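Asker: Pasting the relevant annotations from TrEMBL:
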- Met43, Ala191: substrate binding site (BINDING)
- Arg118, Thr164: ATP binding site (BINDING)
Amino acid sequence: MNDIGAHLAAMRNTAPLVQNITNYVAMNVMANALLAAGASPAMVHAREEAAEFAGLAQALSVNIGTLDPDWVTAMEDAARVMNDAGKPWVLDPVAVGATALRRDAGARLLALKPSVVRGNASEVMALAGADAAGRGADAADEVASAEAAARDIATRTGGVVAVTGPVDYVTDGAAAYRIENGSAMMPRVTALGCALSGVVAGFAVGQEPLPATVAALAFYGLAGEEAAARAQGPGSFLPAFIDALAGVTPEALDRGAKVMGA
Ligand SMILES: Nc1ncnc2c1ncn2[C@@H]1O[C@H](COP(=O)(O)OP(=O)(O)OP(=O)(O)O)[C@@H](O)[C@H]1O
Ligand SMILES: Cc1ncsc1CCO
Ligand SMILES: [Mg+2]
């Protein structure tokens, strides 16, 4: 892929309205990350309005981090609106293997064929039905162990699956890429994966899901590298990361992206 910076420029040019049905932990971080990246976030989850708002949104992210049954209904309704209108939506299957409510929600949402699934290795393995060692929202499996599960999900949905970790893996079931950008500081701040799923949704507006996802991950990881160079620890990393999301230019992304065919 040699047009990674162009995907960032296109996303910023669109400034897409991204609806997020996300968890309470992530809402603020995610909205700030989307704004800094150049998108327009809206956190809208009530059962009575989620589908109506989806009619206005250009992309949707659905995150099961702090769900309840009403939220699952809102997620399914909003996802159907996006599907009917041909608009992209992203599933973030937080801790999907942990409980029956999460496994059921994950299966229902997967059946609606998300444009992109973005999770850590343990989540992608659990979503595919494989044995996973995840503990709560944190990964306990290697990205490499989740590659077959990612291809399996992508084949079932016809969409893209992104497994994130030290080296990210992205596939549409046929082609695959690895992205080496990022910082070990990123998993030490909560909700950065959730926020990434929203950013992926923004990149998918008007762009092919596979290259858009690869570009979003490289962009996000590069911002992580720049923030880590300035931060003293996880606390100061977060504001530095928000600054870096706003500061990375398409030219810097073309220079700094570490993307390889897999
Ligand atoms: N050890 C690491 N080294 C470099 N980058 C990392 C590392 N771990 C995660 N990342 C990056 O952090 C970002 C978030 O991915 P991660 O896999 O931590 O999400 P997550 O587990 O869903 O997080 P959360 O549930 O807290 O939102 C991605 O851009 C990923 O590449
Ligand atoms: C910590 C945590 N618990 C539920 S959602 C969430 C945010 C990271 O996924
Ligand atoms: Mg997560």
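The chain as shown is numbered from 1 upward.
The backbone N, Cα and C atoms fix where each Cβ goes, and this holds for glycine too.
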Asker: Using a 10 Å cut-off on CB atoms, tell me which of the binding-site residues Met43, Ala191 is the least crowded.
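Answerer: Relative to the other binding-site residues in Met43, Ala191, Met43 has the fewest Cβ atoms within 10 Å.
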Asker: Rounded to the nearest angstrom, how far is the Cα of Arg118 (ATP binding site) from the Cα of Ala191 (substrate binding site)?
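Answerer: Just about 13 Å between their Cα atoms.
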Asker: Please classify the secondary structure at Met43 (substrate binding site) using three-state DSSP.
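Answerer: In the DSSP reduction, Met43 (substrate binding site) maps to strand.
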Asker: Under 6 Å from ligand 3 by Cβ, which binding-site residues from Met43, Arg118, Thr164, Ala191?
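Answerer: Qualifying residues: none.
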Asker: If you count Cβ atoms within 10 Å of the Cβ of Arg118 (ATP binding site), leaving out that atom itself, what do you get?
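Answerer: A count of 31.
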Asker: Would you kindly give the Cα-Cα distance separating Met43 (substrate binding site) and Thr164 (ATP binding site), rounded to the nearest Å?
Answerer: 23
Asker: Among Met43, Arg118, Thr164, Ala191, which binding-site residues lie by ligand 2, judged by Cβ under 6 Å to any atom?
Answerer: Ala191
Asker: For the C-alpha pair, I'd like the distance in angstrom between Arg118 (ATP binding site) and Met43 (substrate binding site), rounded off.
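Answerer: The separation of the Cα atoms works out to 18 Å.
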